[in-house]
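Structure first, commentary second.
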């Protein structure tokens, strides 16, 4: 058999990689002497962004503003835009992070980086409660504070009936919106699961 092409290609690959490994080994040895480890020369060093917490949704601008400490927020005529969000280095994520539990996904607004950060923890928990409280619940409280109709007559009773119908209609609309969001979320999770299994197959 003719082993010459195989040996030649192996030697070529070995000698091409040798200078880089020699330089890398020299840098690691000098870094070890100084007590500082430098990053490999092939990847440029980028500072990691300091994050107070991780938002469950980047559409929640208040959460993003609270969690990302080093973003410069620029006011534009249309909206407030985070400047410098792109190009940040990401650490590798586990499969557990890609497919969060349904209970934690619905319940938690964000996850704090440090467990002892009480302000962050209160923000994430308060955000969950604020989102759960709807305008319908506020209007129910307002209607309970209304005047009793015993002295005011039929007009007051009619007005309360109309407001009751409006509240029931608002409740039906909010329930249908919640149901449509649940369906969309389930479809997105199903698509994500199919995409992950498809990527693993190839």
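The count begins at 1 with the first shown residue.
Every residue gets a Cβ built from N, Cα and C, even glycine.
What Swiss-Prot records for 1-25 is signal peptide. According to Swiss-Prot, the feature disulfide bond maps to 53-67, 55-63, an assignment based on similarity to another entry. Under the heading region 'Endothelin-like', Swiss-Prot lists 110-124.
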Under 8 Å by Cβ from residue 67 (disulfide bond), counting only residues of that chain that are 6 or more apart: 51, 52, 53, 54, 55, 110, 120
Whole-number mean of pLDDT values that fall within the region 'Endothelin-like' (110-124): 87
Summary of DSSP states over the region 'Endothelin-like' (110-124), given as helix, strand and coil counts: 7 helix, 3 strand, 5 coil
Cβ atoms near residue 63 (disulfide bond) (within 10 Å, other residues, all chains): 20
Conformational class of residue 67 (disulfide bond) under the three-state DSSP mapping: helix
